[in-house]
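**Student:** Annotation source TrEMBL lists transmembrane segment at 26-48, 60-79, 99-120, 140-158, 205-226, 238-260, 272-291. Among the features that TrEMBL reports, domain 'G-protein coupled receptors family 1 profile' is placed at 41-289.
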Amino acid sequence: MDGSNHSTVSEFLLLGLSESPEHQRVLFWMFLSMYLVTVVGNVLIILAIGSDSRLHTPMYFFLANLSFTDLFFVTNTIPKMLVNLQSQNKAISYAGCLTQLYFLVSLVALDNLILATMAYDRYVAICRPLHYTTAMSPRLCISLLALCWALSVLYGLIHTILMTNVTFCGSRKIHYIFCEMYVLLRLACSNTQINHTVLIATGSFIFLTPFGFMVMSYVWIVRAILQIPSASSKYKAFSTCASHLAVVSLFYGTLCMVYLKPLDTYSMKDSVATVMYAVVTPMMNPFIYSLRNKDIHGALGRFFLGKSFRG
């Protein structure tokens, strides 16, 4: 690409949440701790599911992929943030910024689509239990995951390519923890109407459509659970969905805190809110799914203590 066509800057400055040295030291240890917890938690989920044949089911197949996505997601942003907190040089190259943006956009979309696929799995398990084995066959699960990846990659490519046509000729300072699309668009000094239009159109499809699908799935799930005569059976059926519902609520709740507002009102408060969905949510997902999950506990016990362990 010819640099004169898309930008007059070769790098940006990621200033993060604070420029105070004292605050930066605190933030460094806080984010390092959160990153390590996130990595360990998601790796344990992947190891537990991969090592135990009893967890080779559609629900855990998608959960392992959700953990992999979260692991990739935080690794795309936090290590660079930690380097910036420890260094006087806050620069990130133009190419590095766009690369970070691409993976950020793609992986958020992938997280969302996998959550929608998991909602479909829970719908089939509760509303069509007799057809579950055939309806959620390994071939279909792999096909659904491949579709999620394909849509996410395409979504990321569209917005990254559009961003290469944006001209940045003013401030290079990003008061943020990573290269985020809304912040970059605010720094632009060229017409970004196409970016905004495509963002609304593709965002509505890639986020609102799966969200609507999840809402409808849970409407049918709740109806099916209410028809179960036994209270204990109702509780058991709902408990299989509780973790997924908690993760969906956390994911969309933190996402809405940032993006359901006009671009021109974006402020430093939104940078703090972004930490919630970019750092806290990937860290919390393993805890939510494993907190009361005896299958995960048993698989981890067998992985670390040997075959004789009984969860």
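Positions of Cβ are set from backbone N, Cα and C atoms, glycine also.
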**Student:** By Cβ distance under 8 Å, which residues at least 6 away from the ends of the transmembrane segment (26-48) in the same chain are close to it?
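**Tutor:** Result: 16-18, 55, 63-64, 67-68, 70-71, 74-75, 78-79, 81-82, 85-86, 279-280, 282-283, 285-287, 289-290, 296, 299-300, 303.
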**Student:** In the same chain, who gets a Cβ under 8 Å from the transmembrane segment (60-79) while lying at least 6 residues past its ends?
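**Tutor:** Result: 31, 34-35, 38-39, 42-43, 45-46, 49-50, 100, 103-104, 107-108, 110-111, 114-115, 117-118, 121, 141, 145, 177-178, 247, 278-279, 281-283, 285-286, 289, 295.
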**Student:** With a Cβ cut-off under 8 Å, give me the same-chain residues at least six positions beyond the ends of the transmembrane segment (140-158) that come close to it.
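**Tutor:** Same-chain contacts beyond the flanks: 58, 61-62, 65, 102-103, 105-107, 109-110, 113-114, 117, 120, 198, 202, 206.
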**Student:** Give residue numbers and ranges for long-range contacts of the transmembrane segment (238-260): same chain, 6 or more residues beyond its ends, CB-CB under 8 A.
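**Tutor:** For the transmembrane segment (238-260), the far contacts come to 59, 66, 108, 111-112, 115, 118-119, 122, 125-126, 182, 203, 207, 211, 214, 218, 221, 225, 270, 273-274, 276-277, 280-281, 284-285, 288-289, 291-293.
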